[in-house]
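Report on the structure given below.
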Amino acid sequence: MGSISVALNNMKPYLAMLALQFGKTRPKMTKSIFLKILALAFLEPVLDQNLYFVGMQYTSATFGSATLNGLPAITFIMAVIFRLEKINLKKIHSLAKVIGTLITVGGAMVMTLYRGPVVDILWYSHGGSHHKTASAASDDQHWVTGTIMLLSCVVAWSAFFILQNKTLEEYPAELSLTSLVCLMGFVEGGIVALVMERHKSAWAIGFDSRLLAAAYSGIVCSGIAYYIQGVVSKSRGPVFVTAFSPLSMIITAVLGALVLAEQVHLGSLIGAVVIVFGLYSVVWGKSKELSASNKISYGEGSKAHELPVVDKKTTDAADIF
């Protein structure tokens, strides 16, 4: 069922933005770019989501959420390996990026692993029953397999951000790239679904919450998210994009308390504060780094446009002779 959902999700944004993606101004498609698009579609819509769904079934929802918190750290390591990020611990802005990434991951882990006592927010009091999510772990023999799948999911997601940044250097059209990735993801996901799902009942689609969830996930979480991530990654880098991923845990906790009347625990509040400090450190370090690079570029450009200085005494002597 997860493979079918992935295939349906990635078809939505392609159909919705077909007219915008294939304009006359799009860059020329080459074999190298096409192969990178195929790899992007395989990494994020197909491999990443299927590994996460199966890995979460073999372990638990809490453990699956905890492993995803390592996304900023793994992306940072891969960005350094592929020279998309530079580390110079002697400079304060570079040190701020490293420390901020570690703080962000630590705050997300606190939110996931530490609950603490229930905290009453303003006028809202948790006195009654609250909705608990049943997240029982699978058998012990499946736990190792599920852990490997979840870790592979995080690596695939990080590799997607790195490859997306590299592809945008050759194909600087975010909308067209998003549409092509979603289209290829639909084709590849459809093939995987045909191989994995043999029961006809799994292909039945009704007008219920499952269809709404698939449509929202395809249009918003895949189509719009890929485009925004591409724009930001092109200007700020993949590490800057993934640094905001733990922020979704804060938003989920707030909406869960307001809409679903879920309890807010002390661990969630502590983790949220830590995440905010970590994000501020990353954003500050990245802004200082961009400011420094812009000053260097401006200085080199101004020197290139300077007129040569001619010594007047030398010129007068040359005129005499």
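Cβ coordinates come from backbone N, Cα and C, glycine included.
Since this is a predicted model, take the numbers as computed values, not measurements.
Broken down with DSSP, the domain 'EamA' (16-107) shows 68 helix, 0 strand, 24 coil. Residues or ranges marked as domain 'EamA' in TrEMBL: 16-107 (among others).
Per TrEMBL, domain 'EamA' is recorded for 145-283 (among others).
Residues or ranges marked as transmembrane segment in TrEMBL: 58-82 (among others). Listed as Cβ neighbours of the transmembrane segment (58-82) (distance under 8 Å, sequence separation of 6 or more from its ends, same chain) are residues 52, 97-98, 101-102, 104-105, 108-109, 112-113, 133, 135-138, 142-143, 145-147, 149-151, 153-155, 157-159, 161-162, 166, 237-239, 242-243, 245-246, 249.
Residues or ranges marked as transmembrane segment by TrEMBL: 94-114 (among others).
Marked as transmembrane segment by TrEMBL: 143-163 (among others). Within the chain, the transmembrane segment (143-163) has long-range Cβ neighbours (under 8 A, six or more residues past its boundaries) at 36, 39-40, 43-44, 47-48, 51-52, 54-59, 63-64, 67-68, 70-71, 74-75, 78-79, 82, 84, 137, 229, 233, 238, 241-242.
Per TrEMBL, the feature transmembrane segment maps to 175-196 (among others).
Among the features that TrEMBL reports, transmembrane segment is placed at 202-227 (among others).
Residues 65, 68-69, 71-72, 75-76, 79, 84-85, 97, 100-101, 104-105, 107-108, 111-112, 121, 124, 131, 158, 161, 229, 232-233, 268, 271-272, 275, 278-279, 282-283, 286 of the same chain sit 6 or more residues outside the transmembrane segment (239-260) yet have a Cβ under 8 Å from a Cβ within it. Marked as transmembrane segment by TrEMBL: 239-260 (among others).
As annotated by TrEMBL, transmembrane segment applies to 266-285 (among others). Nonlocal intrachain contacts for the transmembrane segment (266-285), taken as residues 6+ away from its ends with a CB within less than 8 angstroms of a stretch CB, comprise 92-97, 99-119, 239-240, 243-244, 246-247, 249-250, 253.
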Query = How does the domain 'EamA' (145-283) divide up by DSSP, counting helix, then strand, then coil residues?
reply = 117 helix, 1 strand, 21 coil
